[in-house]
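> Have a look at the structure that comes next, please.
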Amino acid sequence: MFAKTFLSFAMLAATVVAIPSVNKRATCSGGQTTANEACCVWFDVLDDIQTNLFHDGTCGEEAHEALRLIFHDAIAISPALTAQGQFGGGGADGSIMAHVDVEGAYHANNGLDEIIEAERPFALKHNVSFGDFIQFAGAVGASNCNGGPQIPFFAGRSNDSQAAPDGLVPLPTDDVTTILDRISDAGGFVAVELVWLLISHTVASQHTIDPSVPGAPFDSTPSEFDAQFFVETLLNGTAPTGSTLESANGEALSPIPGEFRLESDSLIARDSRTSCEWQRLISTFSGAVFAFFARLTVMPAFTANPDDMVAKFVQTVQKLSLLGFDQSTLTDCSDVIPTPSGSPAAGVLPAGKSFDDIQAACAATPFPTTISALPGKSLVAFNAGSSVF
């Protein structure tokens, strides 16, 4: 009886071994493995841009600008224009790079010519499309930031594009209704998704709105994906960043010397349609809780909480990156994107600020009164950096 049972198990084991793996991965020439052999080229691109574009994988100006370029290329699509019989743009098709002579002249794209011309040679060298490269470089650049996102990447866009119409990229001088209407037309984005897209501003700065202070960041931690941008945008603004307030170009008063505030960010943080989500993000499981459990061998389930700030950003940027395309026709090469280091940090009150300086705008999700306050005097030092997302 035992012999028969053992024989049955042996036959079963042999049968199981004989079944080919359904998760077999392709091995690339450099030894990397990926779910699809078509993704192998992107490991070569990755090595090249991390060294020669992102300065050995840093979260600097080029990484910030590459992230900005994702938005400016993809959001330039309008089904409403198409329904009127006009060309409404191709979405994330790389047209901003292919037709930089046209789209680069649009006011909303001011300053993007530098990152476009920095990225173009890499796309040509590796024979990948502009649309794919823009999305890939933006995802890689974001992964270089501490606590940053791992944005899914889908390849397979062609270089067949035409210049998108002007007026499809929101401006910092636009009111909230105008911005909401624009992103709704582009991809059905709703109010909370506008807030999630603005998570990009936690690693952003301005370059052209006030050229006298190039690189002035939007928060005090411009190389960190954290909640600091959301905290500091709710502080009462007291002075312009430069010598004069560039209100005509979309600047609002800043709460901290050296920090820049966009008028559109200030309005969105306080608008009834967006303020509750703005304040809720400050309270998500994205800071001290993450840092504590990161030291444990087994991470608790809530670390993948869909309410997490970075998870929301990943979700919304993936949707953005597919505008104008059917995901089923593209190849998922997300496993090429590096895993970011660090954990998203909780927001704190900057030095010299108190809860009296906070202009909370939503009672339903109150501004958290448990966040820490830093001692000393607030002052943001900055270098030449990226422009507005």
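Numbers run from 1 along the shown chain.
Every residue gets a Cβ built from N, Cα and C, even glycine.
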> What residue among Cys39, Cys40 is stated in TrEMBL to be the disulfide partner of Cys333?
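So the cysteine paired with Cys333 in TrEMBL is Cys39.
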> From the candidates Cys28, Cys59, select the one that TrEMBL records as forming a disulfide bond with Cys40.
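Among Cys28, Cys59, the cysteine that TrEMBL links to Cys40 by a disulfide bond is Cys28.
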> Measuring CA to CA, name the entry from the disulfide-bonded residues Cys39, Cys40, Cys59, Cys276 that ends up nearest Asp93 (Ca(2+) 1 binding site).
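With Cα distances computed to Asp93 (Ca(2+) 1 binding site), the winner among Cys39, Cys40, Cys59, Cys276 is Cys39.
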> How many whole Å apart are the CA atoms of Cys40 (disulfide bond) and Cys333 (disulfide bond)?
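So the Cα of Cys333 (disulfide bond) lies 9 Å away from that of Cys40 (disulfide bond).
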> Out of these disulfide-bonded residues, Cys28, Cys39, Cys59, which one has the fewest other C-beta atoms within 10 Å of its own C-beta?
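Each of the disulfide-bonded residues Cys28, Cys39, Cys59 was scored by Cβ atoms within 10 Å; lowest is Cys28.
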> Please identify which of Ser95, Thr202 has the densest Cβ environment, defined as other Cβ atoms within 10 Å, among these binding-site residues.
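Selected residue: Thr202.
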> Nearest of the recorded positions to Asp226 (Ca(2+) 2 binding site) by CA-CA distance, picking from Cys59, His72, Ser95?
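Checked the recorded positions Cys59, His72, Ser95; minimum Cα distance to Asp226 (Ca(2+) 2 binding site) goes to Cys59.
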> Return only the integer: C-alpha distance in Å from Ser95 (Ca(2+) 1 binding site) to His72 (active site, proton acceptor).
10
